[in-house]
Amino acid sequence: PHAMPFPNSSDLSPSFILASIPGLEAAHFWMAIPLCSMYILAIAGNCMVLFIVKTEPSLHVPMYFFLCMLAAIDLALSTSTVPRVLSFYWFNTREISFGACLVQMFFIHTLSAIESTILLAMAVDRYVAICHPLRHAAILTNATTAKIGLAAIARGVLFFLPLPLLLLPLPFCSSRVLSHSFCLHQDVMNLACANTTPSVVYGLTAILLVMGLDALLICISYLLILKAVLRLASWKERLKTFNTCVSHVCVILTFYVPVLFTSLTHRFGHSIPQHIHILVAHLYMVVPPTLNPIIYGVRTKQLRDKIVVLFKRKGISPVSVCHKLC
């Protein structure tokens, strides 16, 4: 009834306890195997995208530079969480220090914000390419693309650096068990034994001004794209034009659905079972990094052709690889 505060960041060795999925503690070893497999696929797929775009001068255009940024962010985001989760599942290392938790939290939220900004930039790229094709090369130059990437990084850092700083001076209760197997701002904040109103208000504001605003602007850009597509003369032209956006739409859905679910249900979805929270958060950390290179590799002809050429140079048949995986 009287929660005693445990040492905060100014004391020696404060720590939190990572949570497991309720009722599935005995299956941790086996659950980690598909998680590890998806992580390996994510590393291989995103590294392949980076390598192909870097080595093929014909792909040195804004669309593929944005794709490289997305691949780099996915690599960093999954690496900031998955190895720690695997260590927990395989070696039962449940304890994480306060400092390490804040650092992990910062990277998760900042990288998510940067990825959201890049997805918005890719939506604008599709809008300009379809609605103003003659001006596309002049508007989205390689220099402009680099500036957008730097702005995305600055935006993510500036908006989400205050999150761990707001938690730094707070005392925490004797209950140190998190709701996830990695550190999220709203999860750590709920364990504080002090007024967390500033953290609640700022965290929700940052989510709405970054992910919420980006999602709204992406929807507006696709409404304008749809309006332009419907003006085309034939259904064949409409389908061909909109087909260039299918990959991006799939990537948007795999990113925004779990991230908004995880962020909002922590604040408003208290009736949702804990294992649903944990499973969706796990999916957010591994599914987009794993699927993004597959989606773009399959749906984008230029990238697909370069991947086939790369496999042939190594004496590997892509068809045989697909058969083995299936």
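Backbone N, Cα and C atoms are what each Cβ position is placed from, and that goes for glycine too.
Note: TrEMBL annotation is automatic and uncurated.
Listed in TrEMBL:
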type	residues	note
DOMAIN	45-296	domain 'G-protein coupled receptors family 1 profile'
TRANSMEM	29-52	transmembrane segment
TRANSMEM	64-86	transmembrane segment
TRANSMEM	106-128	transmembrane segment
TRANSMEM	148-172	transmembrane segment
TRANSMEM	200-225	transmembrane segment
TRANSMEM	245-264	transmembrane segment
TRANSMEM	276-298	transmembrane segment
- Along the domain 'G-protein coupled receptors family 1 profile' (45-296), what average pLDDT does this model show? 88
- Task: Determine which residues of the chain contact the transmembrane segment (29-52) at the Cβ level, with the cut-off under 8 Å and only residues 6 or more beyond its ends counted.
- Result: 21, 59, 67-68, 71-72, 74-75, 78, 82-83, 85-86, 89-90, 282, 286-287, 289-290, 292-294, 296-297, 303, 306-307, 310
- Outside the transmembrane segment (200-225), at least 6 residues beyond either end, the same-chain residues with a Cβ under 8 Å of its Cβ set are 109, 112-113, 116-117, 119-120, 123-124, 126-127, 130-131, 155-156, 159-160, 162-163, 166, 185-186, 189, 242, 245, 249, 252, 256, 259-260, 263-264, 267
- With the cut-off at Cβ under 8 Å and a gap of six or more residues from its ends, the chain residues touching the transmembrane segment (64-86) are 32, 35-36, 39, 42-43, 46-47, 49-50, 53-54, 96, 104, 107-108, 111-112, 114-115, 118-119, 121-122, 125, 142, 145-146, 148-149, 152, 181-182, 251, 282, 285-286, 288-289, 292-293, 296, 302-303
